[in-house]
Amino acid sequence: MGPRSSTRIPIPLMLTIRIALALSCVHLASSLDGRPLAAAGIVVTGDKAVNIYTSSQTGSIIVKLHPNMPKDKEACAKAPLEAYNRTLTTLLTPLGDSIRRIQESVTTSGGRRQKRFIGAIIGSVALGVATAAQITAASALIQANQNAANILRLKESITATIEAVHEVTDGLSQLAVAVGKMQQFVNDQFNNTAQELDCIKITQQVGVELNLYLTELTTVFGPQITSPALTQLTIQALYNLAGGNMDYLLTKLGVGNNQLSSLIGSGLITGNPILYDSQTQLLGIQVTLPSVGNLNNMRATYLETLSVSTTKGFASALVPKVVTQVGSVIEELDTSYCIETDLDLYCTRIVTFPMSPGIYSCLNGNTSACMYSKTEGALTTPYMTLKGSVIANCKMTTCRCADPPGIISQNYGEAVSLIDRHSCNVLSLDGITLRLSGEFDATYQKNISILDSQVIVTGNLDISTELGNVNNSISNALDKLEESNSKLDKVNVKLTSTSALITYIALTAISLVCGILSLVLACYLMYKQKAQQKTLLWLGNNTLGQMRATTKM
C-alpha cells in the first residue's frame, strides 16, 4: 500500500480564528448515526469536542511557605515553626541551588555561554544525560530569570502581608499571584476567630498542620531531587502547593469555569520552579497553560468494532477508530497530535485522512458496503455495552438470561444480537452479570447478515495461507504448461509450415467441392430412378387395362 494522502492543518495561534470562522460557515449536520451500524458490529461509543491549542500563556505563583502568626500567638508557635523552617530549608535547598546554577550559566557570552548552560543542566541531572525536555525546561527557566529577580525585589512586602492570596504586579512582566496555603490556615484558625486557645493547643494545631504541609511538599519535590529544577510540576502538585488559591490565578489568566475541569484533566497546565529563597521561604513557580480555540462545528466520533459471525467465520469491520465530521464531510482523524479528556480533544494540529467510498457509504448506514477482516480471534470479547443495553455475538458466547430465565439464541446468518431490557432484564455473559436498563428502539436495524463477498483477508497468517494457495495454483499451472510444451515439442514443425498449411487448405476445399458434387449427382440419379419407376408403373397399368378390355370382348 502506498502512503495515504492527508489533510494537514498547522495550528499557530494566529490561524485559530481563521479556522474557526471558516468552519462556522459550514452547516452543522447531525452526529454520525450509529443505529443502523450497531447490528453490523460497528458501535459508536461517543463524541468529543475538537479544540486546538498552543502553550502560550504564562503566569507566576509565589508560594509563601512560612505563615505570619498573630503577635499574641507567635511565642506559642515558635518551636514548631523553627523545626518546620529547618526541614523546609533542607528539602528545598537542592532546588534553589539547581535553579541558581542554571540561571548563572547565562552570565558569559559566546560559545562559552552555551557550554556553561549545557554544563549546568547536566550538573543538575543525576545520570549526566540531559533529555530534550530537560533542556527545554532549562531554557524556560532562563527566560523567567528576570521575572524571578523582580519577585525577589518584592519579597519583603510579600512576606509581610497576612493575606492568603493577592496579586503582585509592581515591575513584573506577567501576572503573578502570591498565595499562602499555610497563611490561609493561620487566618482561619487564629486571625479570623474570636475563640481563645491555650498555648499548648496552638502549638499542637500549628505543628500538625505544618507536618501535613511538609508531607505534601515532599510528595511534590521528593521525586525531583535528582533534577529538581528540570521536571515540570503537574496540576495536582500545583494545587498541593497553593491549595484552592490556584483557581484565582487560572481565572485571571482567562480559564473559564466551564473549561477548567477539562483542562485540568488534560495535563496541559504545568508549572516550573523559577526561584526559592530560603531566608523568606518564598517559592516561585511559573505556570504554563494553553491558549485554546474551540472549533464549534467539528467533533470527533469514536468507533469500536465487535467480532461478528459470518459464513466464513468470525470477522471485524474495517473502519477507522476515530472519525471527524464537519457538515456532510466525514474523514478519519489522526489523534496522535491530540490529548484526550472525557469530553474534549486538545490538538496541536489537525490531521485527517480521506476515506474510500465504500467506508464512507458504510458509515452512512449502507451496511452492505462494509468490509470485514478475519483477524479477530475466538478469544476476543464477543460483547459490548451501549447505553444500558448489550450488543453480543451469541454464537461466540452463551447469552444466558436470568430474568426471565432462558437462553438467547442468534439466528443463522445474523451478525450479532441486540439485547435490551425488553428481551432480558438480567443477562449473564461469561460469568459476568449485567442488569439492563436501556432499549433499542425501532430505528435500530436488526437481523443484518454479512455476505461472503464482504469478508476479506488482512491478517499476516491468513495472507500467508492465501499466498501459499496461490503458489500451489501457480505450480499446478506451470506443471500443465510443461506437459503441454512437451506435447508440442513432438509435433513435426515441417508439417506446420505456411506452404503445407496452404496445401492442406486447398486439398480440403477440393475435397469439399467433390463431396458436394457427388451429393448432387447422387440426388439427381435417385430422382431419375424414381421417375423411371413411375413411368414403368404407368405403362404396366395401361397394358393391364387393355388386356382386360380385350378379354371381355
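Using the three backbone atoms N, Cα and C, a Cβ is placed for every residue, glycine included.
As annotated by Swiss-Prot, coiled coil applies to 142-170 (among others).
Swiss-Prot lists 466-491 (among others) with the feature coiled coil.
Among the features that Swiss-Prot reports, disulfide bond is placed at C338-C347 (among others), with the record citing similarity to another entry. DSSP classifies C338 (disulfide bond) as strand under the three-state reduction.
Summarising the annotation, Swiss-Prot assigns disulfide bond to C362-C370 (among others). With a cut-off of 8 Å between CB atoms and residues at least 6 apart in sequence, the same chain places A40, I42, A317, L318, V319, G358, I359, C362, I450, Q454 near C370 (disulfide bond), listed in sequence order.
Listed in sequence order, P382, I408, S409, Q410, V416, S417 are the same-chain residues at least 6 apart in sequence whose CB falls under 8 Å from the CB of C394 (disulfide bond). Taken from Swiss-Prot, the feature disulfide bond applies to C394-C399 (among others).
Every protein chain shown contributes to the tally, and the Cβ of C424 (disulfide bond) ends up with 23 other Cβ atoms within 10 Å. Summarising the annotation, Swiss-Prot assigns disulfide bond to C401-C424 (among others).
According to its DSSP assignment, C523 (S-palmitoyl cysteine) is helical. Residues near C523 (S-palmitoyl cysteine) in space but far in sequence (CB under 8 A, at least 6 apart, same chain): none are found. Swiss-Prot lists C523 with the feature S-palmitoyl cysteine.
The signal peptide feature in Swiss-Prot is assigned to 1-31; the stated evidence is sequence analysis.
When pLDDT is averaged over the topological domain 'Extracellular' (32-500), the result is 75. Per Swiss-Prot, topological domain 'Extracellular' is recorded for 32-500.
Summarising the annotation, Swiss-Prot assigns topological domain 'Cytoplasmic' to 522-553 and lists similarity to another entry as the type of evidence.
Taken from Swiss-Prot, the feature transmembrane segment applies to 501-521.
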Same chain, 6+ residues apart, C-beta under 8 Å of the C-beta of C338 (disulfide bond), given in sequence order:
L345, Y346, C347, T348
Whole-number Å distance separating the Cα atoms of C424 (disulfide bond) and C399 (disulfide bond) is 10
Which is it, of C347, C401: the one of these disulfide-bonded residues whose Cβ has the most other Cβ atoms within 10 Å?
C347
Secondary structure at C362 (disulfide bond), reduced by DSSP to three states:
helix
